[in-house]
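Some notes on the structure that comes next.
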Amino acid sequence: MDTIFSRGPSLNSRLVLASVLSVLLIILDGKLDTFSTVRVYLNSLVSPLQYMANLPGEVLNQTARALTTQRQLLEDNAQLTRQNILMSEELQRFVVLEQENERLRTLLGSPVRPEVRKIVAELMAVDNNPYSHQIVINKGTLQGVFEGQPVLDDKGLVGQVMQVGTTTSRVLLIADVTHAVPVRILRNNVRLVASGSGQLNRLVINHVPHSTDIEPGDMLVSSGLGQVFPEGYPVGRIVDVIRDETRPFAIIRAVPAAQLDRLKYLLLLWPQDAPQGPVEQGEAVNAPGS
Amino acid sequence: MHLGLKHWAIAISLLVAQMLQIMPMPIMVDPYRPDWVLLVLGYWTLALPQRVNVGVAFLNGLVLDILLGTALGIHSLALSLVIFILAANYQRLRNYSVWQQAFMIGLLAALYHLVIFWLQHMLTDIYFLFDYLWPVLTTMLFWPWCFMILRKARRQLKVS
């Protein structure tokens, strides 16, 4: 029988080799970010594993769907019909307003905001890495997803694409400590920056003077200043404004508009100057009127 | 058929461990997820140190880095370190009772998490929450069961 280390380098030299390689990788990838192109292939390589890990949950969902009773379906249907009527009423008003807005903007000579391309993506997995808030979605370079792409859900801004693979991509949530969004207050257009706090239900707004006009309940929308997120999507709502004069700045906290802990369907946006990748026809959801 | 399984047993068990590591879980259970990759790697290191040691740990750490979206090298360094300690002391650890082993695995899991935390802390500003150490406890509690299941598999398939 083989005794340990009868072949190859000794255990100590293996550890030294592995450590040196790891430290090199950490510096190259974490600090200098040289692997972003290789990451696409690496992510594609492991995506079968991700699809497999997602399978049990998917099966459970399918069975749950198959077992829903007729009564439940009827209730859902009634509720959705009600919602649909309410929303189409709003939409009618919206169309009129949009046209009016467009006409006013052309009168003023300011550029009309164009429709942007968008597709629906589905959540695949939530990372259990406690140090950062990321999710994996089931769209990748094949659908034209690119790094830095804005991601929304039906309530508001969710985050931006951080890494892409061919069929999956990784989204950094706005609540992550390394993330910040330029926002403005809907009420009075005060510009702020909303940073993630590391907790899913908290955003913090730093460096706001005590005299700023900001109140609990104020709505924050993206200001479009960072060139990443398009303008005008809801980001969060202010919950706490603590004006402690002994501190240099006011302490302001907000809750994200999107429900970051119960995401399922997400919307990927292509802002105007976004790189155009390959597009799968039929995947694109055409906005009404376009 | 059996011959095939015998050769692939280690790889398959590690693949399953990787899957369990990233499988979506309800938010209530998620903070308590044991370190599956560490458990399975730890077992094979104790059982067959000539086949599974630092090299395999390094590669599995890289896969984990890609799957979890951390900077490449973080998990591979932590896993290599922990598996090195196991491989260097495998003869002593084999003679321990299963609960003593569980305790040692718990200590190593704590080291693993601290190394990952320190490395992440150097790269980004993260704060330490005590919740991050729950997996240490669950890893410890899962060790005896993991040990028994994998030993049974190893003996039945005669993996050596």
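Think of each number as a place in line: the chain as shown, counted from 1.
Note that Cβ sites are derived from N, Cα and C of the backbone, with glycine treated the same way.
Caution: TrEMBL annotation is automatic and unverified by curators.
Values in this document were obtained by computation on a predicted structure and should not be read as measured data.
Database features (TrEMBL):
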- B:6-24: transmembrane segment (TRANSMEM)
- B:66-90: transmembrane segment (TRANSMEM)
- B:102-120: transmembrane segment (TRANSMEM)
- B:132-150: transmembrane segment (TRANSMEM)
* Hey, which bits of the same chain come close to the transmembrane segment (B:66-90), Cβ under 8 Å, at least six residues off its ends? -> 18, 21-22, 37-38, 41-42, 45-46, 49, 52-54, 56-60, 108-109, 111-112, 115-116, 119-120, 123
* **Cβ-Cβ under 8 Å with the transmembrane segment (B:102-120): same-chain residues at least 6 beyond its ends** => 35, 38-39, 42, 70-71, 74-75, 77-79, 81-82, 85-86, 93, 96, 126, 128, 132-133, 135-137, 139-141, 143-144
* **Residue numbers, six or more beyond the limits of the transmembrane segment (B:6-24), whose CB comes under 8 Å of its CB atoms** => 33, 35-37, 39-41, 44, 48, 51-52, 56, 60, 63-64, 67-68, 150, 153-154, 157-159
